[in-house]
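K.L.:
The domain 'Cytochrome c assembly protein' annotation in TrEMBL covers A:105-313. The feature transmembrane segment is assigned by TrEMBL to A:13-31, A:77-96, A:108-126, A:138-158, A:170-196, A:223-246, A:258-276, A:288-312.
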Amino acid sequence: MPVNDTLATYSDWLYRAAALIYVFAMVFYTTEQAFTRKAKKSEQARELVGAGAPVTPAIGRIDESTEVGKPERFGRMAVALTVLGALLHLGSIVLRGVATGRAPWGNMYEYGAATMLVAVVTWLVLMRKFDVRRLGAFVLTPVVILMFLGGTALYTAAGPVMPALQSYWLVIHVAAAILSSGLFLVPGVFSVLYLVKVRHDANPGRFTRIGPKLPEAASLDRLAYRTTIFAFPIYTFGIICGAIWAEAAWGRFWGWDPKETVAFVAWVVYAGYLHSRATAGWRGTRAAVINSVAFALVVFNLFFINLVIAGLHSYA
Amino acid sequence: MRTALILLFLLALAAMPGALLPQRSLNLPRALAYIEAHGWWGTFLDRLQFFDVYASVWFSAIYLLLFISLVGCLVPRTVEYAKALRAKPVLTPRNLSRLPHHKTAVVTDTPEQVMADARVRLKGWRLVERAEDDGARSVSAERGYLREAGNLVFHFAMLALIVALAIGKMANYEGQVIVLANGSQFCNSGTLGYDSFRPGLRVDGTDLNPFCVRVNEFDATYLPNGQAEQFAAKIDYQAGDDLDSDTWRPYDLRVNDPLRVVGDRVYLLGHGYAPTFTVTFPDGQKRTQTIQWRPVDNLTLLSEGATKFDPPGVTDPTERRKRQIAVTGLFAPTSLIEDKILTSSHPKLSDPAVAVDVMRGDLGIDSGRGQSIFQIDQSLVDSGRLTRVARENLKIGGAITLDDGTKVTFDGVVPWVSLQVSHDPTQVWVLVAAVAMILGLGVSLTVRRRRLWVRASPDESGSTVVRVGGLARTDQAGYGEEFHRLAAQLLPRRDT
Ligand code: HEM
């Protein structure tokens, strides 16, 4: 099937526009964060729990005034920009799919683009449910960096894929990998912020700039956990689909190819994270470290293994 | 749990070197080159089995420990779960306001009415109602037992997966063979039929599933840049009764679409070209051979090889060793000749040509030493026992005549396919276990084990104080919303 170059070009433009809009959104999130006074202490959250109110929305509520203050306005603009960016981002991916006439995740550039879209959408959903908007810049920073790397170093012109990739298992397997990796980004960021917050709480002299403005450590921990348990079964499913596909394409369902290996290692570390939350002495800081390491492994698998180590997956 | 956690990290850590260092099982030449290039360090790592990580003693030990730990963990958990299923929900705690979720109201209903209402509202929960000393009544409710069931299913399925993998390792095999796509056949009758064969630990190659494959045609389409777009082989196969009645069934063998026959799978792994050469000896006798040459450039399928001929009718070994002939060199499917140098510009068979050296002398084929079918033995060239007698570029139909009148012609090209036969009797069990794992995991991570208590105590004024308390057993996150909703239903008139 021939590639429609015009559409492919539009897709590239939208991609760049989306990344740029995310940068603007980051600026607004940061401005909101800068204007916001310290998050109120935990008493309030505890009181709300005591009264039997839902626990989760009570994440370090700030700025109780009813009129829309300056930070609030910046925050809302940041969200509006994020939504706009996500729409352009989605447009870019859809156009590439139409231009090439296949699922738009056949190479690293496309894979990265789709993963980052999932991360942004995950973020938007979380923001609707929980009061975490001020953290936007922390989530968008890795997104923008990865999109920049994707759009430059990893950029691949629109084209068809090689025979081994022409399979509906590709569509399912890679879609699951994209979905779970994008979802994992957000808890990865939360766990890192958790570590920052805990350090700051233990010694207020550390991380004085951002420490006071972060939500409660317990809330960060909870959000990280809830997002992770949503993503983990999808990740597991993705690995299993990968094995099914490998059985049809490469003659074995599992061969310890470097990409498979690191996916397995990341999976085991995520399982370790889930266990750690049920193990005395491992909750909190250790769990957060494990979760951060697990996400680092997911990113490592995408970049290092694909680019540096030759394996069967190298064309992806 | 701590043991399990530590074993999990050990497993992750132990698996990692396999991704960073070349592995023998994946790429033997690269692994050997790496060891070679790293001197004593390479040898040291090799001693520690860092180039065979997944078959190493330490990896297997961790795997085994994890297995034992899993069994040791699952047995008591299952027993406990079976007990929990039959047990009544626990007593209502004295002080419900100590719980993470709680709510209080004063209502005009009697305790009995409150209890009756609670029973209706708490449908789907496991309930037990108790009368307490001071005239109060309470109900303990619990639900989400499926969580633990899902978790057990997940861990048991993982156990099953590990067992299935281990059995598979014993009983599997993988064989590779090159077959010309001109109606040539391959039968899975013994290991000798294969170019390479990798048996599992308990396979000796005597008892292979019998079936035969005949490759009729190979067809590939490429993009202008040489990237393969699609390739497929038209094959026939026979197995079971078909072998006796010699019935062939057609199949289109493609990448991603192996032939599945009598429990084995046949894959199309690669392809290349086999040039046909005819040597006409001075006495008029002809010998024709079509031998696969191997690609040296995967993008253009420029290939190298050596097609070897014995002079016919020469019985004296010494004499024969003077007159053996090899046609070696390069083959290009789409030839590009510049300054007499042959290259290939495209993998499609559109303008084939060969650049060959014709060698004459002792090929060493009957010396008893095995040799590559793609090369001549260079040491025989060095020692002068094999000499080059011609060098020429030929297109199809082209010929070289040697000094003694021997004529070598390049007659044509036949594509070949490389097939892999894989046998793994437990892979379907691995799949079943994996699916069970996913299902168990899904249940375990979505269902929440939670408890709820309602206590209705009469107070002096004749009204009833209703206290509701809630506790999520595994993770508090998310129970808040549900508790809030239930408590609102249970305490419709919130007087305080
Ligand atoms: C390859 C090894 C293992 C993997 C991949 C694994 C994976 C998991 C996963 C993903 C969960 C999460 C379910 C949840 O959060 O509820 C879990 C829970 C659990 N696992 Fe494992 N597990 C392994 C080995 C073990 C072993 C050896 C034990 C026992 C010593 C064990 C005991 C438990 C327990 C008690 C839970 C429940 C924790 C909870 O309720 O949150 N696991 N496991």
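Cβ atoms are placed via backbone N, Cα and C, with glycine included.
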K.L.:
Do the transmembrane segment (A:108-126) and the transmembrane segment (A:258-276) share at least 3 Cβ pairs under 8 Å, sequence separation 6 or more?
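P.N.:
The transmembrane segment (A:258-276) and the transmembrane segment (A:108-126): touching, no.
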K.L.:
Taking A:138-158, A:170-196, A:258-276, A:288-312 as candidates, which has the most Cβ pairs under 8 Å with the transmembrane segment (A:223-246)?
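P.N.:
Stretch with the highest Cβ contact count: A:170-196.
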K.L.:
Short question: which residues 6 or more past the ends of the transmembrane segment (A:170-196) have a Cβ under 8 Å from it?
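P.N.:
The answer is 103, 105-106, 111, 114-119, 121-123, 126, 135, 138-139, 142-143, 161, 207, 210-211, 214, 217, 220-221, 223-225, 227-228, 230-232, 234-235, 237-238, 241-242, 244-245, 285, 287-289, 291-292, 294-296, 298, 302.
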K.L.:
Excluding the flanking five residues on each side, which residues at least 6 beyond the ends of the transmembrane segment (A:258-276) place their CB within less than 8 Å of a CB in that stretch?
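P.N.:
Non-local partners: 228-229, 232, 235-236, 239, 242, 246, 282-283, 286-287, 290-291, 293-294, 297-298, 300-301, 305-306, 309, 311-313, 316.
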K.L.:
What same-chain residues lie close to the transmembrane segment (A:288-312): Cβ under 8 Å, and 6 or more beyond its ends?
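P.N.:
Counting only partners 6 or more residues beyond its ends, the transmembrane segment (A:288-312) has Cβ contacts under 8 Å with 108, 111-112, 115, 146, 149, 154, 181, 184-185, 187-188, 191-192, 194-195, 198, 221, 224, 228, 250, 255, 257-259, 262-263, 265-266, 269-270, 272-273, 276.
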